[in-house]
Amino acid sequence: MTQAHSKSCFHQFWDGLQIKRSSDSFTVELLPSLGATINHSNKLQKFIISPYDPRYRSWELFLIVLVVYSAWICPFELAFLRDLPSKLLLVENIVDIFFAIDIVLTFFVAYVDSKTHLLVDDRKRIAMRYLSTWFIFDVCSTAPFQPIILLFTHKGNDIAFKVLNLLRLWRLHRVSSLFARLEKDIRFNYFWTRCSKLISVTLFAVHCAGCFNYMIADRYPNPEKTWIGAVMSTFRSESLWTRYITALYWSITTLTTTGYGDLHAENPTEMLFDIVYMMFNLGLTAYLIGNMTNLVVHGTSRTRKFRDSIQAASEFAARNQLPENIKQQVLSHFCLQFKTEGLNQQVMLDCLPKGIRSSIAYSLFFPIIRQAYLFNGVSGNFIAELVMEVQAEYFPPKEDIILQNEGEADVYIVVSGAVNIITTIHGNEQVYEKIAEGEMFGEVGSLCNIPQPFTCRTAELSQLLRISKTRLREIIEENREDSNILMNNLVQKLKLRESLPDMNQPDRRFLSKYELFHVPREAWLLKKSQLHYTEHTSRDSSNNTPVFGGDRYSRQLLGEATRSSASENENSSMTDKEENHDEVHTNCEIKKRTEEHCIQINSEDSSSTYSQRTMNATVQTGSPHKTEENITRRIPDEYYIKEANKRVTIHKYRHNSTVSAAQNGKLIKLPTSLEELFKIGSQKFQGFHPRKVVSRDYAEIDDVSVIRDGDHLFLLEM
């Protein structure tokens, strides 16, 4: 005896549903027990048939056709055929032969043990199981009773013989098993499978009741005192078709409780049968109505929930007096949710194993993410890791996705539709830019750790890919080379912007947290490449003064293209000499400390040592009563800077302020050891003797190799 053969999953669950075998699909095998080795041996004993064999499944389907024939002919013979025609008798015997073959075949068909769920192919166990269960019923439903009775009594049309023929209705259990498998078959619609089953049960009940009621009338001594004889006195001489249709008519009117009254019981036997039939109809009607109601309610439940949510949202908006535009956004959200509920992308993906989710995400999102400018040139591994974090979402028209001055938000890529980039100028909203398919938004605020500079609102029904800012940063940190390419793409994108519209209530955190250039956003978004921040307000080259107002202090910015030269000392900051330069007056409040920031940005021409794409930013920080210190940082457009040319900005950390508020920075070349760094700090800051260095995030640094070009280092005395 071999048990086991761990055989498939799919057909065990579907109870024997046949699926085409292939290396890329589920095979007809059973699930092994936990910890068992899968499929060591799938070969059954000799002459043993697998219940999942395609040929055996075809044989079962052929028998289903014969079962349907037997279910119809048995009640019909009992009621309408007193003498069985020889041709019909031959057909009956042929059908019985097929079922007799199936009885023999069953002794060689393996079965699944109900306790172990393993396939049993031992002949003795198969025989014992069959003999102790359905063998007797199968034999009785297949035995040729008419030839046996003719052999002993020579009366083949006896009523007892015909009643014994009803044992063939036992074969209907095969139809029940068939419908059970079809209901779980993904190739067939569940609704129509259930409807077919209910219709089949109803038709069979109508057929049997009509045949039995006619048999009672046909064998009643007084034909005129029967339900059919009362309206058709010579009904026995009528055609078989007329009598059969009349019987079905009575049966269906009684089943549906219509009861026209033209056909009714005339004798006690018929009355008794009608009572039993109508009692049966109560249960059958409850079964049919219950199942149909369940199917219909299940199909309309989504619509009912949608209408309830719309009504609740409308009442909520009216009760709280929400503006009309917000109310429309809420209603549009529910409408779109109803339309896309059937998709259930994320719910479905969460139910799948990680390997399948990876394949689906790679197939759907990889081409879209690859086309985004931010990821242009990054490695395929970076994209492959990123697609796993992408979620596809739908947004209705005019829905705000990101709000201006909102905290850090996620990054979005437009798959379809369009998104308007909106800015508020003097209280009025203006469309600054329109994001089309394949473009992205939200990346500036997320990557630069700043509030969102714009409001992003859908212009039409849009499908967006949302990338979590947290996961994006983690992936960037894990892929240092790709992060350089990515940030360079962001820099190039920002340099393409020629101007920035005036904004009300600018958030000063934008200036303090923006670590990419360490200059205000107005500087890197202006068309001109050189700015000057000094004490007094002047004008730009066009005699225009862009105003960025809205907080308690006014800010006026002027830009002018100038050329200047600067000399660089190895361990000192570059100092730019200003001659006849326009001036910008800036007042701001950072962390409750009001200081004046003077920013000067110089760009070299094509004859300079560096290319025109290299921008020199000189940031002067101080107050009117302090000596200004100059900080110069050059930001190249190349992907990286050679290790030998690492330059960092050192700050004297004051214990009564935060790290981000440390002032008086010095730009130096990074030495080879911390001791040299402390020595340079002592030279640059007189009377200061540092013994410890921390990063901008207050992380202690104990090895110069972890310091990157352009880092800001804060020296502490311990």
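Cβ atoms are placed via backbone N, Cα and C, with glycine included.
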Looking at PRO268 and LYS124, does Swiss-Prot assign them to the same side of the membrane (meaning the same named topological domain)?
no
Which listed span Swiss-Prot calls intramembrane segment, if the choices are 26-45, 246-265, 486-505:
246-265
Can you check which of 163-183, 373-393 Swiss-Prot lists as transmembrane segment?
163-183
For the transmembrane segment (89-109), I need the partner stretch with the highest count of C-beta pairs below 8 angstroms, choosing only from 133-153, 163-183, 198-218, 270-290.
133-153
Under 8 angstroms, Cβ to Cβ: which one of 61-81, 133-153, 198-218, 270-290 has the largest number of such pairs with the transmembrane segment (163-183)?
61-81
Which one is it: of the binding-site residues GLN404, ASN449, ASN479, which Cβ has the fewest other Cβ atoms within 10 Å in this structure?
ASN449
What is the number of other Cβ atoms found within 10 Å of the Cβ of LYS434 (nucleoside 3',5'-cyclic phosphate binding site)?
11
Give the nonlocal contacts of the transmembrane segment (198-218) in its own chain as ranges (CB under 8 Å, at least six residues past its ends).
71-72, 75-76, 78-80, 175, 179, 226-229, 235-236, 243-244, 246-248, 250-252, 254-255, 269-270, 273-274, 277, 280, 284, 287-288, 291-292
Are there residues of the same chain, six or more positions away from VAL419 (nucleoside 3',5'-cyclic phosphate binding site), whose CB falls under 8 angstroms from its CB, and which are they?
ILE401, TYR412, LYS434, ILE435, PHE441, CYS456, ARG457, THR458, ALA459, SER462, LEU464
Give the three-state DSSP assignment (helix, strand or coil) for VAL419 (nucleoside 3',5'-cyclic phosphate binding site).
strand
